[in-house]
Amino acid sequence: QADRRDRCTHVLFLAYQSFGLAFGDLSISPLYVYKCAFYGGLRHYETEDTMFGAFSLIFWTITLLSLIKYMVFVLRADDNGEGGIFALYALLCRHTRFSLLLNQQAADEEISTYYGPGDANRSLPSSDFKRLIEHNKRSKTALLLLVLAGTSMVITIGVLTPAVSVSSSIDGLVANTNLKHSTVVMIACALLVGLFVLQHRGTNKVAFLFAPIMILWLFSIATVGLYNIFKWNPSVYKALSPYYIYKFFRDTGKEGWLSLGGILLCITGTEAIFAELGQFSAKSVRFAFCCVVYPCLVLQYMGQAAFLSKNFSALPTSFYSSIPRLACMSLAFVTTWLMPLIINFVWNRHLVFSILFTILFGTIELVFVASSWTKIPHGGWITILLSLLFTFTTYVWHYGNRRKYLYDQHNKVPMNTILTRGPSLGIVKVPGIGLIYTELASGVPATFTHFLTNLPAFYQVVVFICSKTVPIPYIPQKERYLIGRVGPKTYRMYRCIIRTGYKDVNKDGDDFEDELVDSIAEFIQLESEGSGSNRDRSAHDGRLAVVKTSNKFGTRLSRSISDANIAGSSSSRSQTTVSNSKSPVLKRLKAEYEQELPKLSMRRRFQFRPMDTTFRQPQVKEELFDLVEAKDAEVAYIVGHGHVKAKRNSTYAKQLVIDVAYSFLRKNCRSPAVMLNIPHICLIKVGMNYYL
C-alpha cells in the first residue's frame, strides 16, 4: 500500500507540473477561437443555431481529436516514455527496416531498452505490406520526408505560436482601453523576452512556476463559463448534440466550411502535449487533461456560446492571425498517418484496425486541413514557406551525411592491407593512445592510412571510435560502449562504438579517457576468459562485446593501501598521473604497472594480489600494461577534416545540393571536435577530400 501511495503521489505531482508546460497553448485557445471562426462571411449568420453549431463543432473536435485520438491512442505509442514525431519514427525503425541509417548493427538490438515489455510478438512473420516498404527505397525516403515535414512544422509552430498567443492575450486585456496597437506590440514583446529568459532556468522550474497560474486560469474560465450559461442561455447544452453541426453547415454552406480554419484552433497545442510526454508520464497527462483541462475548456466554450448567442455585437471584428494553427492541423495530420503504421507494425494489430483509425480521424482532419489551406493566399504561405525551408535543410543534411558515409564505406582500407604491414604497421610507434574518430562502425577508415602516408609515425595503441545514434531515447551508461579488436592482439588496435540515444546529451568530459581505457581493459579480460583454447588466435573478425562500465572489473582485484616512505625522490609525473585519474580501475592498473618499474616509487603504494585468473596469462598482463603505459604517456584525438564536393559528372541539382547547400551547412554548423567535446590541445585534424 505504501508503494501504491507513493506512485499515486508521484503521478499527481507530475500532473501538477504538466499544467505549467504541456497545456499552455490548449488552455488559452478560448481567447481567439470564436473571433477567428466568425471572421469573414460567417459574421452575416448571427443566429442562435449558428452559434450553437459552432460550439458543437468545437466540442466534438476536442472530444474526438484531443480526448479520444491523443489521450486514448497516441499516448500509448510512447517510446520508453518519450513522445513526438521522432518517437513514432524511432519505434517504426526499431520494429521494421524503415531506417535509412547505415551504421546500425545487430548488437544494438541487445540494448535493454531497445524493445519494450509489450514487444513479445516481434518475432511474428512480416506482412506483405511491411516487406513492400522495407524493400522499396522510395517508400522509406517518403516516410523520412513525412517525418521531417512534421518536425519542421513543430519548429514553425514554435516560431509563430508564442507571438500570436501573447499578442491575443494582451489585446483581450486592453480591449476596452485607449492603448494604441504599437503599445500592445511592445508589451507583447517584453513578455516574450521575459518568457524566453525564464526558460533558461530549466523545464522543471518553469513548469513548477507556471503550474499554479494555469490551474487558476482554467478554474477561472470554467467559473466564467458556468456563469454565462446560467445567466444568458441555459439551453446551450442542447448544442452538445451533433445535430447542430448538420444545421450549421446546412445554413452557412461554404462560409461554414471556411470557418473551420478558426474552429481547429481549439485543439492548438494538442500535439505539444504528446511531444512533451517525456517530461511527465502518460498517466499524469491523462489525469490532468481528463479531470481538469477538458471539462474546464468545455464549460468555457459553452459559456462563450451562451453569451454570444445573445450578444452578437460582442464578437471582435479584428482578426489576429490564425496562420499557425494551419501548421498545427498539418502536424496532427502527419501523426494520423504515422499511427496506422504503429498499430500494424509495432502493436502487431490487424491491418483492419489501422484502416479504421485512418478513416475515423483522417477524414475529420482532412476536412480541417482543406479548410485551413484556404488561408494560404491571406498569410498562410508563411507557414508553408518556413516548413519547406526547415524540411529542405534537414533533408539536405541527411542526404549529405548519407552520401559521405557511403564514400567512407567504399574507400575503407581492406584488412589484408593492415595485416601485411605487420604489428608495427611499417611505421615508428611512439608512446601514447591515438583515438581516431570515424563514422564507420566496421572496417578501417581511409583517414588512418592517409595520416600514415603523410606522417609515418603513430601511437603504440590505436582506438577507432565511432559515435553513433541509436533509435532509442536514452541508453543506460553501462551499455554505452561496444568494444572490439581490430587485427591480431599484437597490433594493439581496438574499436570502440559509443552508442547514444536521440535524446541523450553528450557528457563526455574529463572522465571519458578513463572510461574508455577501463572498457578496453575489461574487454581484454573478458576476451582472455571466454576464448578458451583459441585465445591465441588472431581476433580480426570484427566481433564486438558490450562492456558494462560498472565495478565488475574492479571487483576482480583486491587492493591494500599502505603509506610508505621509500628511499629516493618520488617521480612527480607518476604522482600526478595516479592522483588525477578519477577511475579506481585505472588507478589500480597504473599502480601495478609502476610497481614493475624498479626506479619508480610512490608516496602511497597500491599493492595488488590477483583474485581468480586476473593476471595468470602473461600476454594479458603485458597488454594491460601497454595500455596503461600508453594512457600515461599521451592521448591524442584524430578527426577527419573533410572537403566535400560533388562528382564532376553529377547532375546540376546534385551539384547545387552538395556544393552549395550541404557545404554551407557544414561550414556553419558546430565542428565534430566541439560536438564530441574534444580537448583542443589534444586535437589533430587530418584533411580529406570527398567526392560524392
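Glycine residues also receive a Cβ, built from the backbone N, Cα and C atoms like all the rest.
All TrEMBL annotations are machine predictions without curation.
Copied over from TrEMBL:
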- 569-583: compositional bias 'Low complexity' (COMPBIAS)
- 14-330: domain 'K+ potassium transporter integral membrane' (DOMAIN)
- 431-691: domain 'K+ potassium transporter C-terminal' (DOMAIN)
- 564-583: region 'Disordered' (REGION)
- 12-32: transmembrane segment (TRANSMEM)
- 52-72: transmembrane segment (TRANSMEM)
- 141-161: transmembrane segment (TRANSMEM)
- 181-199: transmembrane segment (TRANSMEM)
- 206-230: transmembrane segment (TRANSMEM)
- 256-275: transmembrane segment (TRANSMEM)
- 287-307: transmembrane segment (TRANSMEM)
- 319-339: transmembrane segment (TRANSMEM)
- 351-373: transmembrane segment (TRANSMEM)
- 379-397: transmembrane segment (TRANSMEM)
What residues in the same chain, six or more past the boundaries of the transmembrane segment (12-32), come closer than 8 Å to it by Cβ-Cβ distance? 66, 161, 164-165, 168-169, 172, 203-204, 206-215, 217-218, 221, 265-270, 272-273, 276, 279-281, 284-285, 287-289, 292-293, 296-297, 300-301, 304, 320, 322
Report yes or no: does the transmembrane segment (141-161) come within contact of the transmembrane segment (206-230), defined as 3 or more CB pairs under 8 Å with a sequence separation of 6 or more? no
Spatial neighbours of the transmembrane segment (379-397) not adjacent in sequence (6+ beyond its ends, CB under 8 Å) are 144-145, 148-149, 151-153, 155-156, 159-160, 321, 323-324, 326-327, 330, 372-373, 657, 661-662, 665
Need a quick answer: max count of Cβ pairs under 8 Å to the transmembrane segment (256-275), which of 52-72, 181-199, 206-230, 287-307 is it? 52-72
Does the structure show the transmembrane segment (287-307) and the transmembrane segment (181-199) touching, where I'm treating 3 or more Cβ pairs under 8 angstroms (sequence separation 6 or more) as a contact? no
Express the predicted model's confidence over the domain 'K+ potassium transporter C-terminal' (431-691) as a mean pLDDT, rounded to an integer. 71
